[in-house]
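One structure below.
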Amino acid sequence: MNLLMFFLYSIPEEFLIVALCITLAGYNISACKLRYIIVSLLLAISVKALQLLDLSLPLRSFFQFVILIILVKQGMGIPLLPLITCSVITLLVLQMNELLVMSIFTNFYDKTLQEIQMEPLLWFARTLPNLLLMSLFLYIIKKYKIFFFKENIPSNKLTFRSYWIFSAFYTFGIIGAITLEQGDIGPGYILVCIVIFQAFSLLVIQELVKSNRHETQLAVYKESIKNMTSLFTTIRSQRHDFANHIQVLYILAKQKEHEKLLRYIEQLVGQITSINEVLLSDNPELSALLQTKIAQFAQEKIRLRLHLTSSLTELEIPVIELNQIIGNLLDNAADAIKAADYPSDEILLETIKINNKVQIKVKNYRPIIPIYLQKKIFEYGFSTKQNHSGLGLAIVTSLVEKNKGTLCLISNEKVGTEFTITFPVKELKKIEQKTG
């Protein structure tokens with residue numbers, strides 16, 4: 001009977017638990033079916049193994065919770081804060097579900113939990129409503145998109161306050177599990193209080209997640225404003241330089257210093273020629289960004305070299321987001337060069353169209369990013385540079401994912417440090433409508 005219950009109830013329950021946890025975190029199960037199946041089976045086997053050990057219920061529940069987080073974290077790659085949050089929510093939903101079903105069964109059949117467990121058919125009948133209610137809950141959150149982490153914004157760091165709140169709610173979930181294990185559901189008003197408190201807990205967790213999300217949005221907006229301020233500062237500097245050039249030309253012409261005047265004009269023509277190389281007639285917004293970055297980096301003794309075989313107008317991405325991606329990658333490369341005391345002084349920006357995809361490459365030959373940091377640099381708030389917010393690459397990652405692109409980093413002694421972003425081109429009809 002135990003083996004039959006394992007296949008008919010335990011495995012389906014763990015599949016639903018993992019599915020609920022993943023879905024609440026805003027991840028699509030259909031995109032990772034194989035990993036989802038493997039994680040669910042491993043969780044079911046682990047939970048069954050824990051049940052065979054002589055452990056107290058609180059300790060066993062704690063180990064189950066830890067195993068769930070480890071398996072889903074490693075198997076699905078969900079960040080820690082969404083994972084812990086959604087695991088606690090899943091636990092509370094599961095406890096409310098089981099408390100309600102068990103209360104109905106014990107009252108309807110006028111039996112205790114132990115008596116129900118002694119009757120295999122009745123015990124099996126008790127498990128079916130649990131699975132059905134969990135399935136219904138999963139269907140509702142998918143249909144109405146009730147995700148706690150549904151926005152493509154990097155998750156904020158897990159705070160000390162968050163640890164305490166999640167621990168408190170999880171502890172209450174264990175109390176519910178102990179109540180079920182002992183079979184003492186208690187008077188109806190106690191059950192109602194437990195269910196109300198757990199429902200309230202879900203609302204509090206949701207508000208906590210919203211608060212973290214808003215803090216992250218605010219940090220992103222601050223970073224964007226900082227970039228725009230830098231852009232306007234550079235433009236004002238260029239305008240000031242232009243006024244100075246006119247004044248110098250006027251003085252040289254008035255003093256009839258024709259040779260000096262000619263040399264100065266030739267130098268200006270050289271600068272204008274280099275600027276004209278940046279001009280993209282069908283993408284003036286990108287041209288403006290690149291001209292600004294060239295001038296900005298020149299003041300910092302860094303050369304921005306361009307190899308643009310695509311103007312990026314083939315992409316289905318808002319131009320402001322495209323400029324955010326490129327601008328952040330260029331700034332990141334320049335900051336790395338300055339922080340490492342100029343091991344190289346050149347950044348390469350390259351755009352390439354390959355079949356139905358476009359690649360954007362940003363490369364600086366040095367410095368090299370250590371292997372152990374090559375994943376962490378994309379995390380929200382992480383930075384290897386002092387007095388930096390750590391938002392740049394996190395914003396890039398978020399915008400790339402939002403626009404259905406991919407981001408790849410190669411950093412070694414042979415290649416240097418190269419970020420490659422790949423986007424699919426928009427449909428031909430849409431391109432014709434835009435150009436027409």
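Any Cβ shown, glycine's included, is placed from N, Cα and C.
What TrEMBL annotates here:
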- 6-27: transmembrane segment (TRANSMEM)
- 34-50: transmembrane segment (TRANSMEM)
- 88-109: transmembrane segment (TRANSMEM)
- 121-141: transmembrane segment (TRANSMEM)
- 162-180: transmembrane segment (TRANSMEM)
- 186-205: transmembrane segment (TRANSMEM)
- 237-427: domain 'Histidine kinase' (DOMAIN)
Study note, to complete from the structure: For the transmembrane segment (6-27), the distant same-chain contacts (Cβ-Cβ under 8 Å, at least six residues beyond its ends) come to 36, 39-41, 43-44, 47-48, 68, 71-72, 76, 78, 82-83, 85-87, 89-90, 93-94, 124, 127, 130-131, 134-135, 137-138, 141-142, 146-151
Exercise for review: Kindly state the mean pLDDT of the domain 'Histidine kinase' (237-427) in the predicted structure.
Suggested key: 86
Check your understanding: Any residues 6+ beyond the ends of the transmembrane segment (34-50) with a Cβ under 8 Å from its own?
Key -> 6, 10-11, 13-15, 17-19, 22, 60, 63-64, 67-68, 71-72, 75-76
